[in-house]
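Chemist: The structure is given below, and queries will be raised subsequently.
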């Protein structure tokens, strides 16, 4: 009877008048269906014996419901408990045995208690009061005031402060004034050509399109004419009002036009391109599976984050599928997922080319939308070859969306993307930090050797309780690893994030930092772009970046989405580092926000005492690094043994696999890497010299330039003429 009933109601849509008890719940699990079947059979026997008593039972059951209960059909589930995006790759991870560095540090006496000099009772009380103030500020940020209450409390506390704090503030003000007046070396303009007005008018869409889009203010997402499933996804994430970049970009993207958009970090650029994509895919053919959207990102972590944003925004859209193609994760699992031809594929350039060339049943021939996140980074020389290859593989008739916080690429770079009259939308002035970011600078002068001790001192001052998330940026991965060991020996737990880690280790580091298991994350510029981890309070630049753009992306990890944040930068004496500080001060002076740039007062005596502790532990640091190296060698040897066993055991299957191909040969790879290295070491010229060189190129071959040999011969001739002239004068006098 049960199967008859299922077949009977399979092709019909039940109405309100139908009896729901007779219709089985096909979405329930097997266990639930068995228990439900027993209950229903009892009810049927009761119904057969007592015909009219069933109605009374139903009425009694409805009487137990609360008449004041209302369903929230806006899909607001998870609004209050939303804790950021998930950094988990697709598929189950294979268990890998890694070296337990924290265990080694504990065996050597680290990670027990915070080391340091003894502080007076007054300093401890000040630290506790500062911690309490920071807690109040965090509560204010989570409410509707978004930091306004905290600012008023801070203003009141500043008025009621004692004389000692006044002295400290005076010292910091003097330092800030001194910082403004410092000569940061000769101001060199970067070798960046500016597009002429004629070129821009010919390449871009009329400027009034972007200006009109920026001038329209949207108070809610309902005014953007979005469909109900998309609005439910936004409500589930707690999004109520579109940010300026979202309000300006979404209507134009929905029209199918190409877009080049730029806004400060943390302004919601990912949702700005993901919302119109999901809205467009609502009207796709239901029975034809094909990849219609390709999203390219420069880093793996950013790709995983973008995929999670898309899944959460489109969770109420039926039939919407996502695929992930990033390096470091299981290649076979990604192949299986891409065989199903997901609607949206988020990828890094190298891995997507690998899948296009070597994965069966996957193609990008039907791509309708191309999104390039962090476009200025993707247009640099490091990704140029891969990007050109991808452009040759996807259809030229498509919509292209470019997004970045420092979008200042020239038309020459954009031509390769085959853009069609793109609309240019720049919400904020280029090269500007977030409005509520406080930028502090510490001048090292001749104290470069004290940097590890200074970092530990700053971490203790900024967060003595370990309840804040602090990101430390360094230039090299070896430095990041060594700093993790040093901080561990001083009693502070820290994580690391750089390219030498496996992808599983990188994701684990991000998740530990996100859950506050590790309050300090020491990383390279790998984490400087796009990562959106909620409530990063402080960013410390241990090493200065190479350019001001990289500096903006680093400090953009904090003060996101209207929150307040702080960055502390250690500044050396090089001209390059001084010029970055000068650009930061100029940007703050020209902005209308509440951000500021100032110097930070440091107690160098305490730093020197901490430095003595670090020096005393140098032998232990060497022992830890050596022990870790030996354990890594053992793990590598075990892996090679397993690899050899698999080669012998599955020799036929391995040999039967087709060889994976690449679009470049080994010699071409070497040549491109050499060209990239030469371009990086290219000397920066100022604007006058560049214009002179351009004028000489337009004229053709430049005039002959004298060599050193020519100058010496000319000098000799001049001396001879002088001697001859002197002898003639003597003869005339005689």
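The first residue you see is number 1, and the count goes up from there.
For all residues, glycine too, the Cβ spot is worked out from N, Cα and C.
Take a look at what Swiss-Prot says about it:
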BINDING   263, 264, 265, 266, 267, 268, 269, 270  ATP binding site
COILED    619-697  coiled coil
COMPBIAS  18-34  compositional bias 'Acidic residues'
COMPBIAS  39-50  compositional bias 'Basic residues'
COMPBIAS  118-140  compositional bias 'Acidic residues'
COMPBIAS  148-158  compositional bias 'Low complexity'
COMPBIAS  171-194  compositional bias 'Acidic residues'
COMPBIAS  680-691  compositional bias 'Basic residues'
COMPBIAS  720-734  compositional bias 'Basic residues'
DOMAIN    250-425  domain 'Helicase ATP-binding'
MOTIF     219-247  motif 'Q motif'
MOTIF     373-376  motif 'DEAD box'
Chemist: How do the residues of the motif 'Q motif' (219-247) split into helix, strand and coil according to DSSP?
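Modeler: Taking the motif 'Q motif' (219-247) as a whole: 17 helix, 0 strand, 12 coil.
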Chemist: Checking distant contacts: for the motif 'DEAD box' (373-376), what same-chain residues at least six beyond its ends satisfy Cβ-Cβ under 8 A?
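Modeler: Counting only partners 6 or more residues beyond its ends, the motif 'DEAD box' (373-376) has Cβ contacts under 8 Å with 260, 269-270, 273, 295-298, 302, 306, 402-409, 529-530, 549.
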Chemist: Please work out the number of neighbouring Cβ atoms within 10 Å of the Cβ of residue 265 (ATP binding site), leaving out its own Cβ.
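Modeler: Excluding its own Cβ, the number within 10 Å is 27.
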Chemist: What does DSSP call residue 263 (ATP binding site) in the simple three-state scheme?
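Modeler: DSSP assigns residue 263 (ATP binding site) to coil.
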Chemist: Where does the mean pLDDT land for the motif 'Q motif' (219-247)?
Modeler: 93
Chemist: Under the DSSP assignment, what numbers of helix, strand and coil residues are found in the motif 'DEAD box' (373-376)?
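Modeler: Grouping H, G, I as helix and E, B as strand yields 2 helix, 1 strand, 1 coil.
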Chemist: When you measure from the Cβ of residue 268 (ATP binding site), how many other Cβ atoms are you left with inside 10 Å?
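Modeler: Here the count is 21.
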Chemist: For ATP, what surrounds 263, 264, 265, 266, 267, 268, 269, 270 with a Cβ no more than 8 Å from their Cβ centroid?
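Modeler: After dropping the recorded site residues, what remains is 243, 245, 272, 405, 560, 561.
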Chemist: Going along the chain, which residues six or more apart from residue 264 (ATP binding site) have their CB under 8 A from its CB?
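Modeler: Once residues fewer than 6 apart are set aside, residue 264 (ATP binding site) is near 405, 427, 428, 432, 433, 434, 435, 556.
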Chemist: Validating a neighbour-count step here. Other CB atoms within 10 A of the CB of residue 269 (ATP binding site): how many?
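Modeler: Total other Cβ atoms inside 10 Å, all chains included: 25.
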Chemist: Helix, strand or coil: which one is residue 268 (ATP binding site) in, per DSSP?
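Modeler: SS state of residue 268 (ATP binding site) = coil.
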